[in-house]
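Heads up, the thing below is written out as structure tokens.
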Amino acid sequence: MAPVKDASEVTTQRCLKSDHLRCIDNWFSANFYRFGTFVYRQKYKFLISSILLNLILSSGLLFLEVNDDLEYLFTPLGTPGIADKAVMESKFLVGDEGVEFLPDRILSSYLKHGEVIVLPVNGTNILQKETIKELLTLDRVLRTFEFEALIDGNVTRLTYEDLCMKWLGQCIDNPLLALYREQLDLFDVIPLTYPSVSTMDGREVFLAQQLMGVQATNRTHFEDSKNEVHPQKVNINAAAGISLYYFLQTGSDEMEEIALKWEEEAEQRLRQMQTSSVRFEIYFAFSYSLAQEVQKASKRVIPRFVATFSMLSVFAVLSMVTSDWVTSRPVLALLGVVSAAFAITSAVGMLAFCSVQFNEIVAMMPFLVIGVGVDDMFIMVSAWRQRSIYVSVEEKMGRTYSEAAVSITITNLTDIIAFLVGSSTPIPAVRMFCIYAGVAMFFAYLYQVAFFGACMAFIGDREKENRHCITFQKVKPKNASRNKFYRMFCAGGVPQEKRIAGLHREETVTHPILTFFRDYYSPLFAKVQTKLFALFLLVVCLLGSFIGCMNVTEGLRLHNLAPDLSAPWKFYNIRDQFLSSFCSPISVAFTTELEYWDESTQLRIENMTQHLEKSYYSYGRMYTSSWIRSYLWYLSNTGRLDEGMSDKKEFLHILKYEFLQDFRFSHFTLDIVFIENDQNEVTGIEASRIVLPTYGANDAIGEKSLMLDFRARTKVADMNATVFTPMFLVYDSYVGLITYTLQTVSIALMSMFVVAIVMIPHPICAVSVTLCAVSIDAAVLGYMSLWGVSLDIVSVINILLCIGFSVDFSAHITYAYVSSSHKDPTQRAVEAVRNLGTPIFLSAASSMIAIAPLSTASVYIFRTFFKTLFLVMAIGALHGLLFLPVILSLLGFLIPAQDKAKSETNVYVPVSKLDTSSMDAEEIEIIDSIVTSV
């Protein structure tokens, strides 16, 4: 017999010849061929080592640390808000020091507090006497109920009055309720004005941030005159609701625990009043509420993952069961799902060992990875199915790896690169997810080629020995069955009659889905009508995505972080409906030493203050809390300003020892940081601030505009001022969201193109794959918007998923297309769909099944993940199974076909690699003559 070259040697030598475009592809195919045969020979070692590796890494789950700090997770690193917060906290009191404080000066969102929104039933006016009386009763219950707490080891009974944030020795009160307590007996309905009301003793009570859905007479009159010294207030006719707040002092760990105890007790009281009240709808949230619900949401997703695992297992088994009980592979299907599960536990365990924190968004990762792992399994099994039943198991393994492993390498590599790029984004929540997903994708690939490959080897040996797929007992072929029952439930395997044509044919029994794509669907691509329909549908798809992209909304609302209908979800949802009443007061701080006693400095500060007050989002001059403006009025009113106040020492002395001692101005002590010498003498002012209440930001875009407007106005003044409110940390995530998304997507697409042009042996094919990815990403973004999904941190993660997944289907089809030896471009497309249609369909279906349980999740984040990934799979499969084959068939004249004479699959089949144990001498002689002639 003439010597026959090894297949891997042939493909390696081919790189030295003229087929330069296929050189890298052939090199990968040859080496994967060697690796596949090596896995077969060492299958026991690969199986055992994979299991041990998973056990070792999975033990890291014991050290898993969950991060529920929402402010940290969703605030982009390096944004101005983080730096501004650090500056403000270094200069001023934050509010948790346990000293007297005012809520509008708070610099942290972590302070212990409770917020309550009260709405009248049936949407009636809440400003009615009987309603107000019941509201005062609710407030009294929260202020007077007693609870037990440990103080210095002793059990003590406390009330809100013992813990409340105080100013001048009195608990901070809700201004509107304080007004009603004083005057409700005097009036049937107290006349109120917007945005503040003047009391009989001359005080001005600011109400705008307590009343919700205000109906006022000629409200525009105030807005037109708000920059005047005495703006025109308007009469309030009705209000849709009232917001109440309760702030607690802390100052120590013990007081933190006691404050938390009050919050928990207050929540129980409010739940009771929710069910008993006939006049009110009550909504509430406490400092711990949102973070607690986020933690619960992560745990609630576990049963859904169990459902996903079960559904995928059933689907995988059904997809690999045929009427032949030898070539059916239900056990292999289950092991493919187990392989994906190994990847998840290994990734999470290893990262837990490395102290990489877990969060709510990362909880979506298992649904993604298990779908990808099953996708890879289908590609591997599809390649295995196309090998001749007469080829030895070792040769089958080599051929399967040389074809399928290259394909899944392309897709997994692009997925890993996409997440690697995503891990560089400045948003910690996105970064954590991308790290977990990228590492899990690596392990999914590793276990696929090692653990699942070893399982395939064992299954191959079982099939070679004609053993039953479930009982593993040897059985007879169908044509040798003893009876109908045996033929139906036991028989299978290689028939007794051998034909030499069987050398290159598929298995004798195929799955119905495979039959559909082979005999019915793929031939459609030879028809002109199919091509015209595909191009028309592509235009329609792109048009729809364009319309959706033009209507993208931005921003992640706080209620979307909590499970539906939970207390925080209801509270923040209602608050968002009346958002303009809840814009936070803004602190504008001068954090460098200024000569405040100098008239030019005073003028610069006043000019900047007026510039800020002209903002659309400001309530105007009357409601700005400016110590320098009030101090100059004080000096003028006492006649000392007329004498000139340029003396530094006198200016500082009067400021500290007279002005700030006056109870009318004592709140300004929170706004001025003095410099004192060793003798406690005031020598200067280190920092100071003014505070402006704001309104009018009705959505995420408005909130972003508010923040950017005030920042821009402070820069124009050239005063080195810092503008800050805790909510700016949330608004900052809106500012760079589109920029982060575009940058990440662009880098990921370029990286993907590089991978494609290296791995797929023709530049036009690489360009086609890249354009498909762009088309899929654009379609997903557009239809995501039309489906009611906003552009927020969660959807940004999902867009990153698009980069990797949009390559999967197109890369498989393209690789099959360029591997075809047909000269006719249309026939190459037909062959590509015939060979890869089934695994692509099964991959898309399995991924949809993997995420299906999330569609019923009670958390917006998980439902958004389902919607986006469903779109990725549906649109990706549409591109891979319809659009791309048509485009390749039209551009195929630019892509040279693979030389059939050099096709290792059809020619270089060493006899040593064939399973000749069941062949007779005549068949072996015929095979020998064929190979020798070649």
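The backbone N, Cα and C atoms fix where each Cβ goes, and this holds for glycine too.
Record features (TrEMBL):
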DOMAIN    301-458  domain 'SSD'
TRANSMEM  46-64  transmembrane segment
TRANSMEM  305-326  transmembrane segment
TRANSMEM  332-354  transmembrane segment
TRANSMEM  361-384  transmembrane segment
TRANSMEM  404-421  transmembrane segment
TRANSMEM  433-459  transmembrane segment
TRANSMEM  532-552  transmembrane segment
TRANSMEM  740-760  transmembrane segment
TRANSMEM  767-787  transmembrane segment
TRANSMEM  793-818  transmembrane segment
TRANSMEM  839-862  transmembrane segment
TRANSMEM  868-895  transmembrane segment
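Put simply, of 404-421, 433-459, 532-552, the stretch with the most CB pairs closer than 8 A to the transmembrane segment (767-787) is 532-552. Sequence-distant contacts of the transmembrane segment (433-459) (same chain, six or more residues past either end, CB-CB distance under 8 Å): 35-36, 39-40, 43-44, 46-47, 49-51, 54, 329, 331-332, 335-336, 339-340, 342-344, 346-348, 350-351, 356, 358-359, 361-362, 364-366, 368-369, 372-373, 376-377, 380-381, 384, 393, 397, 400-401, 405, 408-409, 412, 415-416, 419-423, 425, 797, 800, 804. Long-range contacts of the transmembrane segment (839-862) within the same chain: residues 297, 300-301, 304-305, 307-308, 311-312, 315-316, 319, 360-361, 363-364, 367-368, 370-372, 374-375, 378-379, 381-382, 513, 517, 559-565, 794, 805, 808-809, 812-813, 869-870, 873-874, 876-877, 880-881, each at least 6 residues beyond the stretch ends and with a Cβ under 8 Å from a Cβ of the stretch. Highlighted: of the candidate stretches 46-64, 305-326, 332-354, 740-760, 868-895, 740-760 has the greatest count of Cβ pairs under 8 Å to the transmembrane segment (404-421).
Using a cut-off of 8 Å between Cβ atoms, the transmembrane segment (46-64) and the transmembrane segment (332-354) share at least three residue pairs, counting only pairs 6 or more apart in sequence. Sequence-distant neighbours of the transmembrane segment (361-384) (same chain, 6+ residues past either end, Cβ-Cβ under 8 Å): 73, 297-298, 301, 304-305, 308-309, 312, 316, 319-320, 329, 332-333, 336-337, 339-341, 343-344, 347, 396, 399-400, 403-405, 407-408, 411-412, 415, 429-430, 432-433, 436-437, 440-441, 444-445, 447-448, 452-453, 456, 460, 793-794, 797, 801, 808, 812, 835-836, 838-839, 842-843, 846-847, 849-851, 853-854, 861-862, 865, 869.
If you look at the transmembrane segment (332-354), the same-chain residues 6 or more away from its ends with a CB under 8 A from one of its CBs are 50, 53-54, 57-65, 309, 312-313, 316-317, 319-320, 365-366, 369-374, 377, 381, 435-436, 439-444, 446-448, 451-452, 455-456, 459. Long-range contacts of the transmembrane segment (305-326) within the same chain: residues 332-334, 336-337, 341, 366-367, 370-371, 374, 377-378, 381, 462-463, 466-470, 475, 478, 488-493, 507-511, 513, 842, 845-846, 849-853, each at least 6 residues beyond the stretch ends and with a Cβ under 8 Å from a Cβ of the stretch.
Over the domain 'SSD' (301-458), the average per-residue pLDDT in this prediction is 85.
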